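**Student:** Here you go, one structure.
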Ligand code: GAP
């Protein structure tokens, strides 16, 4: 079976309307991408799957939509203003900028720069004369910490303006609304707040298509609990993440846990779920035991008590938080790699097929008149009927084989073909994308046939 490279997938996404280069007609903007009509639907279906898995089927689980722009004090409290940075250095020869940890990890994958201090990284780079990936010389500046948050100005004039930031993670919106959600939902610990939303990071390293972008979407889930419950919940979310990815259609052997040795300033334990991309293993989810760090800091900086009062024990305490965050754009990418296949057929023919789970497919059913002149009217009537319930397409251009292939390549799980039997006996053909099997059934039964085929 053909292995698709990142370049293959980029070409596929652009050709079929999944993902386009950001600001393409202006030559693009590094590490930005726009989702096309099919990519947008696909992404929305993944969001629905996440909602099903994390909100709908759970008790005490609430969704939030907090603002991207927040009071700057939030980022002081969270530690992002002081510590959310990458160690960068410049090549004096060709003037390109690089991340010190990446230079080391790419030079020697055993070196583990993640556990080194800034001084240790600089020493390692100099001692090993690590070459610049662009020009090959080894002449770097000192390492400087570069904050990843995008700042903008709030205010009418520049002089009177105050800096505000595009959020680098969704999480803080959930934390500052912890009391609001608890009060209005009349809930008790443990409970969860989930949110799907954009985050922004001034990433300078090459993006690997949508793997690393400066604007991306996260599906975050925060569980507020009492101390002592945190460790079991942390383990639970680690394995629930694998279940979620398997549900989306990722093979178990393409997933692994990666426990962190070097922890972020807020975490007591952290673990990623990684997917095996063509460029190697890459993080698609992060689960952290954030302890009571965040709420304690927000209590301190806001002056507002964020303590929880437990009626049974009459105890007051700051809840612990277990966070499990999913990178939506990386999941889109992983699922496309997982599903796209070039299949060998009989007589040396091949077809490209996107074997997405039917629930995630951007288009569910493709309605086809066998002969446009004769069958279009009935086919359009069936198309309009199905359209009320599902995302359906209608295709009357070219021979039927080509039209089946057009549905296969974008992952449409079913095709309904209208022919003379439809006009005379009310019978249509339903073709299945993966097996290419065809069944005949009365079109009056289409609704019940499709009823349990899609979850979202
Ligand atoms: N609130 C915790 C948090 O933001 P993170 O590990 O920095 O944790 C969570 O990010 C997820 O967001 C990652 O697992 C990844 O899937 C995604 N992500 C992070 N940076 C990204 C970027 N520059 N481009 C695309 N996705 C990114």
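Cβ coordinates come from backbone N, Cα and C, glycine included.
Remember, TrEMBL labels are computer predictions, not curated facts.
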**Student:** For the substrate site that TrEMBL assigns to 99, 216, 217, 218, 219, 220, 323, 324, 325, 326, 327, which of 169, 274, 377 is also named?
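**Tutor:** So, going by the record in TrEMBL, that would be 169.
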**Student:** Taking only the residues the record lists as binding substrate, namely 99, 169, 216, 217, 218, 219, 220, 323, 324, 325, 326, 327, what is the largest Cα to Cα distance between any two of them, in Å to the nearest whole number?
**Tutor:** 27
**Student:** Which of the binding-site residues 220, 324, 326 has its Cα nearest to the Cα of residue 212 (ATP binding site)?
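**Tutor:** Nearest listed residue in space: 326.
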**Student:** Spatially speaking, which of the binding-site residues 99, 216, 218, 220 is closest to residue 328 (ATP binding site)? Use C-alpha to C-alpha, please.
**Tutor:** 218
**Student:** Going by DSSP, give the three-state secondary structure for residue 218 (substrate binding site).
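**Tutor:** Note: residue 218 (substrate binding site) is in a strand by DSSP.
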**Student:** Please go through the binding-site residues 99, 324, 328 one by one and keep those whose C-beta falls under 6 A from any atom of ligand 1; give the result in sequence order.
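**Tutor:** Result: none.
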**Student:** Want to know which binding-site residues, from 201, 203, 284, 330, are within 10 Å of residue 216 (substrate binding site) at Cα; which are they?
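**Tutor:** Candidates kept after distance check: 201, 330.
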**Student:** Of the binding-site residues 203, 214, 330, which one has its Cα closest to the Cα of residue 99 (substrate binding site)?
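**Tutor:** That would be 203, the closest of 203, 214, 330 to residue 99 (substrate binding site).
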**Student:** So among 201, 203, 214, 284, 330, all listed as binding-site residues, which is physically nearest to residue 324 (substrate binding site)? Use the C-alpha atoms.
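**Tutor:** Going through 201, 203, 214, 284, 330 one by one, the closest to residue 324 (substrate binding site) is 284.
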